[in-house]
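As written in TrEMBL, here are the features:
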type	residues	note
COMPBIAS	9-25	compositional bias 'Basic and acidic residues'
REGION	1-33	region 'Disordered'
TRANSMEM	57-77	transmembrane segment
TRANSMEM	83-103	transmembrane segment
TRANSMEM	124-142	transmembrane segment
TRANSMEM	162-183	transmembrane segment
TRANSMEM	195-214	transmembrane segment
TRANSMEM	234-253	transmembrane segment
TRANSMEM	313-334	transmembrane segment
TRANSMEM	366-390	transmembrane segment
TRANSMEM	410-428	transmembrane segment
TRANSMEM	434-454	transmembrane segment
TRANSMEM	474-493	transmembrane segment
């Protein structure tokens, strides 16, 4: 049975009808003309809640950063830096910055409506929901998320990585489906992970990275605008760009997390009760458009300002600090030693051994301890985000009238299904097929290209004029379309040529 897949923090009813004060008794509801109604019901208007201070809304971007600070920061960018030099970290800065702007456009729609961005896309074409479910499932169908932390754990205590990974998969399923409120449990875990990350970065800067390495970073500004064509494969480069931050469909679940925290119109989205409580669970709620008057627009601007701050300090700053510090650490200690032909765990094992020799045994061990905790909590977040996206799409778009299958139950089934599939694959001893590996990396880039396009459509025509995306932010979205389209297209062409 599931824990609560919490949605919002305050609500008095479970359905759209009757939630809002319409003035005179019996007055006809007014609906937002911007919201298309062919797939989902129309949106009523309601008042935007008063914005809250930053300290009360920290959480969603911490989770996103916690899930994001994983393979990209810990493995991919340090590998790229030791093979091509730290001058190419400008690409990571671009990647994280673009994701910051993408995440804020995902948040813009949810702040104004309480609806997820995927639901907004589906208002234009229903299959978008299924397409983004595939975009979330396929890159994670192979349980690399479960084996990563298990592998670094064996560097510390020995043992079989497969056995540890099986235990991790089962533990994740239990944790996510027995917590009274899933979001709160996830937020607590990722806050711990980010705290540990900041401690590790501080110790690394003080104890392990010489000042000369930072000087080398500034000496490589001439590399800005160039690509490491001869030193890094396109597959590794694209993976680094996509996973500089969260990446792929992961960014889209920011909609779910901010409304569970109660951002903006997310306050009106019903809280789904755990089946364990025995209370009747609410049906999926239609989005609710903020009223378009001076006071409500002022409140939206207040929310927009504080949401930008939350994303900037919790996601952008932490992800960039992690990528740069881990990369400079590897550059300063590993140098150009060829620890591995690819960014895998042979590289991480070799880096840990070198850190023991260069800095001290304690630091190499701490490096692996951090990797174990960090990557296991990435796995927790990955399973949550896939289950959250899939269960929300299924309930909102396909099972709205099914009273037996609540979103909490669907979430439970997806979590256990994903973890059970991971256990079966691990116990089978199969290696990840090359085609699936190629497809996963390719799909993440394509997904980002597609939702960059859709966010322009959604936040231009799906929102009232006063709060639409425009100006510089619209320009950044257009650049995202070109950026991810170029690299994803390049990767597809190269890989198709090699496979066929």
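Cβ atoms here come from the backbone N, Cα and C positions, even for glycine.
Note: TrEMBL annotation is automatic and uncurated.
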Practice task
Take the transmembrane segment (366-390) and find every residue of the same chain, 6 or more past its ends, with a Cβ under 8 Å from one of its Cβ atoms.
Solution key: 5, 63, 66-67, 69-71, 74, 118, 132-133, 136-137, 140, 145-146, 148-150, 152-153, 155-156, 168, 172-173, 175-176, 182, 186, 189-190, 192-193, 196-197, 200, 203, 249-250, 252-253, 256, 348, 351-352, 355, 410-411, 414-415, 418-419
Problem - Leading stretch by Cβ pairs under 8 Å, where the reference is the transmembrane segment (162-183) and the options are 57-77, 83-103, 410-428 - result: 410-428
Exercise for the section: For the transmembrane segment (124-142) and the transmembrane segment (313-334), check the count of CB pairs under 8 Å (sequence separation 6 or more) and say whether it reaches 3 or more. Expected result: no
Practice task
Give residue numbers and ranges for long-range contacts of the transmembrane segment (410-428): same chain, 6 or more residues beyond its ends, CB-CB under 8 A.
Solution key: 1-2, 5, 140-143, 145-147, 162, 165-166, 169-170, 172-173, 176-177, 182, 383-384, 386-388, 390-391, 394-395, 399
Fill in the blank from the handout: Among 57-77, 83-103, 195-214, 474-493, the stretch with the most Cβ pairs under 8 Å to the transmembrane segment (313-334) is 57-77
Handout entry: For the transmembrane segment (83-103), sequence-distant contacts whose Cβ falls under 8 Å of one of its Cβ atoms, 6 or more beyond its ends
Key = 61, 64, 77, 213, 216-217, 220-228, 231-232, 237, 240-242, 244-247, 251, 254, 311-312, 315-316, 319-320, 323-324, 327-328, 331, 336, 448, 451-452, 455, 473, 476-477, 479-480, 483
Fill in the blank from the handout: Beyond a gap of at least 6 residues from its ends, the CB atoms lying under 8 Å from the transmembrane segment (234-253) belong to 64-65, 67-68, 70-72, 76-77, 79-80, 91-92, 94-96, 99-100, 102-103, 106, 116-118, 132, 135-136, 139, 227-228, 315, 319, 323, 342-343, 382, 385, 388-389, 438, 441-445, 447-448, 451, 487-488, 490-491, 494-495
Fill in the blank from the handout: Under 8 Å Cβ-Cβ from the transmembrane segment (474-493), and at least six residues away from its ends along the same chain, one finds 94, 98, 101-102, 105, 234-235, 237-238, 241, 441-442, 445-446, 448-449, 452-453, 455-456, 460
